[in-house]
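Below: one structure, written as C-alpha cells.
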Amino acid sequence: MASTSNVTELIFTGLFQDPAVQSVCFVVFLPVYLATVVGNGLIVLTVSISKSLDSPMYFFLSCLSLVEISYSSTIAPKFIIDLLAKIKTISLEGCLTQIFFFHFFGVAEILLIVVMAYDCYVAICKPLHYMNIISRQLCHLLVAGSWLGGFCHSIIQILVIIQLPFCGPNVIDHYFCDLQPLFKLACTDTFMEGVIVLANSGLFSVFSFLILVSSYIVILVNLRNHSAEGRHKALSTCASHITVVILFFGPAIFLYMRPSSTFTEDKLVAVFYTVITPMLNPIIYTLRNAEVKIAIRRLWSKKENPGRE
C-alpha cells in the first residue's frame, strides 16, 4: 500500500439503512446462503461418488459448483453478519483480500462456463470424436487454466488498487469491497485506474459472453442434423447453460460496462449475483437433468439404507 495512506479501517454503509429492513434481509439471505452451500455441495458430492456421472460434463459441473461455493462465501457470510451490526467495518487489508478472491472466483467461474460451452459444442457437433477430444487430461488442463485465469485477473486488479493513497474518508457506499466504490475513497485521480478495470473486467466479460453466444449459435445450427430425441436432450442441456450465462453475465456487464454515478442500483444488482445466482445454479442444472436427479436419489437411498447396494 502507498506510504501516504493513513486509512486502516473501512466502514460499509450496507444495503439498507433501516434496522428493521436489515433484520428482514438477514432472515431471507441466511437461508439463501445455506442453500447455496448445501445445493452446490450436494452436486460436488454426487458427481464425485456416482459412477453414472463419470463424464467430462459432470466433472465440469462439479468444478463449477465448487467455485460457486467459494465465490458466494467470499461475500455472503460477512454481508449477512453485518446485517445485524450497527457499524459495519473491515480492515483495509481485509478489503483487499475480499476484492482479490471475489474477482478470482468470479473470473474462474466465467472461464468454467466457457469451458462447459466448449464441452457442449464438442458433444453435440462432434459426438464421434468426443472422448478423444475431451480427454481426462484436457479436462484437468481446462479447469486449471480457468483457475489460473482468475488468479492473473485478480493480481492485475490488486496491483491497480494497491498503489492508490487513501487519506479519508473511510466510508464505502456498498455492502462489500469492490474496485469502483474503493476508487471513490482514493485521494488522487483514478481515471486511468478506472480504464484499466474497465478493460480487465468489463471487456473480458463481454468478450467471453460473445464467445458463448457464438458457440450456442453453432450448436443450434448443428441440431438440425440430429433426431428429435437428440435435439430435445441437447436443447435441455443448452437451456441450462444459457440460463446460467444470462444470470451471471447480465449483472456483471451492467456493473462494469457503464459509467458509475451512484451505487444504489449497483448494490441491488450485486445482491443478485453474489447471493441469489449461486443458489439458483444447482437448481437450474438439476431440475433439467434427469441423470443428476437420479444420482442424487440413489445417494440418499444409500444413506437411508446403508445395507443395500
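Count begins at 1; order follows the chain as displayed.
Each Cβ is built from the backbone N, Cα and C atoms, and glycine gets one as well.
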Practice task
State whether, in Swiss-Prot, Ile294 is on the same side of the membrane as Val171.
Solution key: no
Handout entry: In three-state DSSP terms, the structure that Cys95 (disulfide bond) belongs to
Key = helix
Completion exercise
Counting other CB atoms within 10 Å of each candidate's CB, the least crowded of the recorded positions Asn6, Cys95, Cys187 is Asn6
Problem - Leading stretch by Cβ pairs under 8 Å, where the reference is the transmembrane segment (194-217) and the options are 24-47, 138-156, 234-256 - result: 234-256
Completion exercise
Between the C-alpha atoms of Cys95 (disulfide bond) and Asn6 (N-linked glycosylation site), the distance in angstrom, to the nearest integer, is 15
Practice task
Do me a favour and check the Cα-Cα span between Asn6 (N-linked glycosylation site) and Cys187 (disulfide bond); whole Å is fine.
Solution key: 11
Handout entry: Interface present between the transmembrane segment (268-287) and the transmembrane segment (234-256) (three or more C-beta pairs under 8 A)
Key = yes
Exercise for the section: Answer yes if the transmembrane segment (24-47) and the transmembrane segment (138-156) have at least three CB pairs under 8 Å among residue pairs 6 or more apart in sequence, and no otherwise. Expected result: no
